[in-house]
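Positions annotated as active site, proton donor by Swiss-Prot, on the basis of similarity to another entry: S144. What Swiss-Prot lists as active site, proton acceptor is Y157. The annotation active site, proton donor/acceptor is assigned in Swiss-Prot to K161. Under the heading NAD(+) binding site, Swiss-Prot lists S21, G22, I23, D42, D63, V64, N90, A91, G92, Y157, K161, T192, citing similarity to another entry as support. The annotation substrate binding site is assigned in Swiss-Prot to S144, Y157. The transit peptide annotation in Swiss-Prot covers 1-30, and the record cites sequence analysis as its basis.
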Amino acid sequence: MASTVLRRLEGKVALITGAASGIGESAARLFSRHGAKVVIADIQDELALNICKDLGSTFVHCDVTKEFDVETAVNTAVSTYGKLDIMLNNAGISGAPKYKISNTQLSDFKRVVDVNLVGVFLGTKHAARVMIPNRSGSIISTASAATAAAAGTPYPYICSKHGVVGLTRNAAVEMGGHGIRVNCVSPYYVATPMTRDDDWIQGCFSNLKGAVLTAEDVAEAALYLASDESKYVSGHNLLVDGGVSIMNQGCNMFDLMDS
C-alpha cells in the first residue's frame, strides 16, 4: 500500500472501461493503491468481479458500443461515490490480423471502430456530462503509438486510434473551458505473459535495450494524467513507446558509425 504522502489519487473516483484484464486491470489496481475509488466497467463479468473482490471496487457490466451501458456505468460511479473525477476509456480490440487494405473486411472495420472509437466517444461524452457541473475532472483514453509512426498496422485499428487522438484534442479544447483535462496515452507493443520472456520479441519491439513495455508501465502513465501532478496538461498524446516512433528502423546510421 502506498503511503499517505504518495497516494496520488486520494479522495478521487475513477471509472475504467476494459478493466478486467491487461492495461485496464493494471490501471485499476494502481489507481486503487493510490487511494482512488474504482468502478470497473467491462463485458468480462467473472474476471472483473474477481478484481473487484481483491480491491473492494465496484463492477458494472458495460459494452462500450452501447450508449445505455456507458451512461449507466457513469451514473453508477456518481450514485455510488457521489462524483466522477477520472474517466479512463481503455476498452479496445485489435481486430483481425489483416494488414492489406484489399483483405480488410468492412464488417471487421466497423466492429473495431465501434469498440475503439465509438466507445471512447461515448465514455468522453458521459464523463463530461457529470464533470462539467463540478468544473473539474480528467478524461484519459488509450490510443496507440501507431498513431505517431505508420508500421504496417491493420487498417481498422490504426484508423480507430487516430480517431481517438483527434477526439481527445477536440474535446480538450471544449472541456478546457469547464476546467476538465482531456488526454490520451499511446503505448507501443505491450508484453504479455506469453511473450515477455521471449528474447526475440523483446529485441524486436524495443528501442530501449533491456527494457520491455508492460501493462503496468502504461498504467503508470495513465496515473500521471489522472493525478493533480498533470494539472496543466491537456490535449496531449503521451507516447509510451521507448522512442520507437522517432526512429527509422530502415535507416539507423548510428549502427554504422564508429564509437
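Glycine is treated like the rest: Cβ placed from N, Cα and C.
Feature map: Swiss-Prot annotations on the structure.
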residue : record                       : DSSP class
S21     : NAD(+) binding site          : coil
D63     : NAD(+) binding site          : coil
N90     : NAD(+) binding site          : coil
S144    : active site, proton donor    : coil
Y157    : active site, proton acceptor : helix
Listed in sequence order, residues with CB under 8 A of G92 (NAD(+) binding site) and six or more positions away: G18, V115, N116, G119, T142, S160
Spatial neighbour of the residue listed as 'active site, proton donor' that is closest, considering only the recorded positions S21, I23, D63, K161 and their CA atoms: K161
Pairwise Cα distance for I23 (NAD(+) binding site)/the residue listed as 'active site, proton donor/acceptor' [Å, integer]: 16
Which of S21, N90, S144, all recorded positions, has a Cβ with the fewest other Cβ atoms inside 10 Å: S21
Around the Cβ of I23 (NAD(+) binding site), the count of other Cβ atoms that are within 10 Å: 25
When distances run from the Cα of K161 (active site, proton donor/acceptor) to each of the binding-site residues S21, D63, N90, the nearest one: N90
Cβ-Cβ neighbours of K161 (active site, proton donor/acceptor) (radius 10 Å): 25
For Y157 (active site, proton acceptor): intrachain residues, at least 6 apart, with Cβ closer than 8 Å: S94, G95, V112, N116, S144, A146
Residue distribution over DSSP helix, strand and coil in the transit peptide (1-30): 9 helix, 5 strand, 16 coil
